[in-house]
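Quick look at what Swiss-Prot lists:
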BINDING   H33, R59, E349  substrate binding site
BINDING   D226, E252, E280  Mg(2+) binding site
SITE      D302  site 'Increases basicity of active site His'
ACT_SITE  H329  active site, proton acceptor
SITE      E349  site 'Transition state stabilizer'
Amino acid sequence: MENIMTLPKIKHVRAWFIGGATAEKGAGGGDYHDQGGNHWIDDHIATPMSKYRDYEQSRQSFGINVLGTLIVEVEAENGQTGFAVSTAGEMGCFIVEKHLNRFIEGKCVSDIKLIHDQMLGATMYYSGSGGLVMNTISCVDLALWDLFGKVVGLPVYKLLGGAVRDEIQFYATGARPDLAKEMGFIGGKMPAHWGPHDGDAGIRKDAAMVADMREKCGPDFWLMLDCWMSQDVNYATKLAHACAPFNLKWIEECLPPQQYEGYRELKRNAPAGMMVTSGEHHGTLQSFRTLAETGIDIMQPDVGWCGGLTTLVEIAALAKSRGQLVVPHGSSVYSHHAVITFTNTPFSEFLMTSPDCSTLRPQFDPILLDEPVPVNGRIHKSVLDKPGFGVELNRDCHLKRPYSH
């Protein structure tokens, strides 16, 4: 009988943060909203807070960047480490070091599903179905997958069963789809700038933006509109129809996450041929099952927020059983290793984090080292052929560890 590899146990889990409310803005990293001045991502973009004039001009004005980046590292008893980043900051550090550590340390590095289930169960009474706690659990889960891959010497996508395609093709999210086209992306997703409080004038302005970009990009380049939970059903329906003449491919996250009936109605009333998408701010498999039942066309979980890679794999299987697509929200290498194994993810998202969208900057810069970016809008699977997620932690980022155990 052949020898079976003996896997080590997890000896330590540690949590750091960078950025957040007490830091100078512009730390970047896992909290990619934390950018410096004159950045498109902090421009006049429609949000649930836009109806308040004091908070409509900038997303940082209402505190979108107060959490900062959470970094979780797990260390095996043989000294190997895995890590991941997400958006949870100092509060996420507390949850990891003071609560979740008991479910991690002492377990085998392969006990990812067991640890995941225990973290979900133990936090259920204070986590709800998403938000800060789910971001933290996601970060731990991703760190565990990174460690497991490094211990066995395989990239995460091979742990999931291997690639189903040779490369990932991307659309770009940012303010300049025309520049994205020049870089080889298959499409560009723009932020909506106006909402229900702006009335029909807001609809006309955003439709005019789409029309202008259609003229610049030509008839075949995909154009999409990201509404970031800022609308109601009536406004979103009107906006979708106003943009239909310009061949808008989809309209995204128009409504708050829990408005499932609203999504059902929006899908029913959207223009023929225009897709309705959402899921970025949903967490847990159960919430995605409810979202899937609304009939939307694409579910868009963020692997750093939805429950981690373990949950993302479950969401993809759920969507596949219903004939729906899963196109994760951003998330760089943490998504790349997943989507290249999903048959119902024919393309993926690349988030433009350069201030004016004129250059390709890694999404989680500067916290990750060796983070790949698309070349001509694509990443070949060979780029992912490194153990774990294939990136390293930049320890020059002044990591802060506020708690220990």
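Each residue, glycine too, has its Cβ placed from N, Cα and C.
The most crowded of the recorded positions listed here (H33, H329) is H329, judged by how many other CB atoms sit within 10 Å of its own CB. E349 (substrate binding site) is surrounded by 24 other CB atoms, counting those within 10 A of its CB over all protein chains shown. Residues K189, C227, W228, E253, T277, S278, Q300, H329 surround the recorded Mg(2+) site, their Cβ atoms falling within 8 Å of the Cβ centroid of D226, E252, E280, which are themselves excluded. With a cut-off of 8 Å between CB atoms and residues at least 6 apart in sequence, the same chain places E253, Q300, P301, D302, W305, H329 near E280 (Mg(2+) binding site), listed in sequence order. When the alpha carbons of D226 (Mg(2+) binding site) and H33 (substrate binding site) are compared, the span between them is 15 angstrom.
Neighbour density for D302 (site 'Increases basicity of active site His'): within 10 A of its CB lie 26 other CB atoms from the protein chains shown. Taking the C-alpha atom of E252 (Mg(2+) binding site) as reference, the shortest distance to any of the binding-site residues H33, R59, E349 belongs to E349. Largest Cα-to-Cα span within the substrate-binding set H33, R59, E349: 21 Å.
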